[in-house]
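K.L.:
Following this message is one structure expressed as structure tokens.
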Amino acid sequence: MGKAQANIRNFCIIAHIDHGKSTLADRILEFTGALTEREMEDQVLDSMDLERERGITIKLQAVRLQYKAKDGQVYTLNLIDTPGHVDFTYEVSRSLAACEGALLVVDAAQGIEAQTLANVYLALENDLEIIPVVNKIDLPSAEPDRVKQEIEDVIGLDASDAILVSAKAGIGIEETLEAIVAKIPPPEGDPTAPLQCMIFDSFYDAYKGAISYVRVVEGTVKKGTKIKMMSTGKTFEVTEVGVFTPAPRQVEKLSSGEVGFIVASIKNVKDTRVGDTITDADHPAKEPLPGYRQVTPMVYCGLYPVEGAGYEDLRDALDKLRLNDAALIYEPETSVALGFGFRCGFLGLLHMEIVQERLEREFDLDLITTAPNVIYKVNQTDGQVVFVDNPTKLPPNQKIETIEEPYVKASVMVPSDFVGAVMELCQEKRGVFINMDYIAAQRVMLIYELPLAEIIFDFFDQLKSRTKGYASLDYELIGYRVSELVKLDILLNGDLIDAFSIIVHRDRAYNRGRALADKLKDLIPRQMFEVPIQAVIGNKVIARETIKAIRKNVLAKCYGGDISRKRKLLEKQKEGKKRMKQVGSVEIPQEAFMAVLSIDK
């Protein structure tokens, strides 16, 4: 191993949302002189406006820093910033695979949260060296000793020499950097071996094409190298290689252990698959690097342009977004009510919201979304098994033997005062109690098995409001279980509106149908004829509301006069309304589609 490689340290920062990960990254950048005072702004690495507004990290970023340590040597530090939210675990697992070590940041006031745990386990699976860092020690409510104890008890890491830091005040930054140099091992790999780079992210540039962020594991890549993608076998010629300091800067070559980017005039987005291995076309490596686990979407929903003509734009936007967001999956679908659109798969509700907002902002689209739903497993009477990701594709009742739905194992960390509220919520959501564990005197970890369908609606919002924001949630899929599920349809003026169809538990169907009919009655404008709204299961109507017709006062001109004259006019009006009802169509406003989403609130 050359001296240059021995002085490289690749690390990432793992933390729960709001524990100060991005601020710590800012301080590290500032301390190593990567940014001047003028360029310094809060959350430098959160470059998307959305990330700033919500105060969360969505995309991972990679930065190369030079640090002169106390031993007089200059080290190259590659910091890979990762998201902390449960929906973005995939982004986290990608960045962990590119590192040798991780800083585990824990808030000195809040202690360990559920997602901190999930990410730590990911790091341990990847054999990373973990350095505990206790942040926000300048807060009046900080209890660093209690938090150190928690790290030891819950995770089993030795936290006796955990670094005490206040990223905001800039305390303990140098100690953190020294610990990175001392504890994290340098990357292994041979610069002369056949090339193997792992793509851990990519983005699209209008001038240069698709740009891949890579971690070089073996070999060297430079301008002019002919490269080959191992999953597709396509070859390209490298036009530039470089590193981020945070701004992109060209370098002569990237060798084993380094992190940077490769530009190779790749026109097609699909050719730079995240998790793929790049090798030298002339001297290829024998086999690809152990890739990422293929990501499985948990939540599906339909995305439709408000104007039918926006379909092509939506497709292009999704193609471009897919490049930076490896977890997004979509396929075209049509709906009677909404026209042409896409069925999209997401990792969770936050991911769905973020994708929708990015489409609306970055690509200037107006979208309608349908209610989110999970994938159901239908066992048919003829022995076939079908997977249904859209309620309208559910086979007819007489063909269904049983329907299974995905269950998750949810771990909720909560202060002991709120245990009752959380248990009540889980019970309402058809949860099965598994275990309850006191981590510290005031903190409890509850483990429940819940149907995923109950979590994707508003479980997280409710959890936060019932625990005053103190609870944190992490969940993992544990498989399918048989449930009493039915398909609830909405008929409007006798026509089935497919976008409103949902699959619900039989016990909930009546209340759900009732609430939906009430909500739609308020949202759909009155027509010239009366419009019945019916909630049906199969052929059975379980709830009905009627939107009254707007009517003109046809008797206004009759002063006094015979009753039969008035009756004739009223009958004539009634006849007209009846004819209208047969041919009339009802315009459904955008809010009505959104109502399906917020029905539980």
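Note that Cβ sites are derived from N, Cα and C of the backbone, with glycine treated the same way.
If you look up Swiss-Prot, you'll see ASP18, HIS19, GLY20, LYS21, SER22, THR23, ASN135, LYS136, ILE137, ASP138 marked as GTP binding site. Per Swiss-Prot, the feature domain 'tr-type G' maps to 6-188.
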K.L.:
Counting other Cβ atoms within 10 Å of each Cβ, which of the binding-site residues SER22, ASN135 scores lowest?
P.N.:
SER22
K.L.:
In sequence order, what residues of the same chain, 6+ apart, have a Cβ less than 8 Å from the Cβ of ILE137 (GTP binding site)?
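P.N.:
Non-local contacts for ILE137 (GTP binding site): ALA108, PRO144, LEU164, VAL165, SER166, ILE171, GLY172.
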K.L.:
Across the domain 'tr-type G' (6-188), what is the average pLDDT of the model, as a whole number?
P.N.:
71
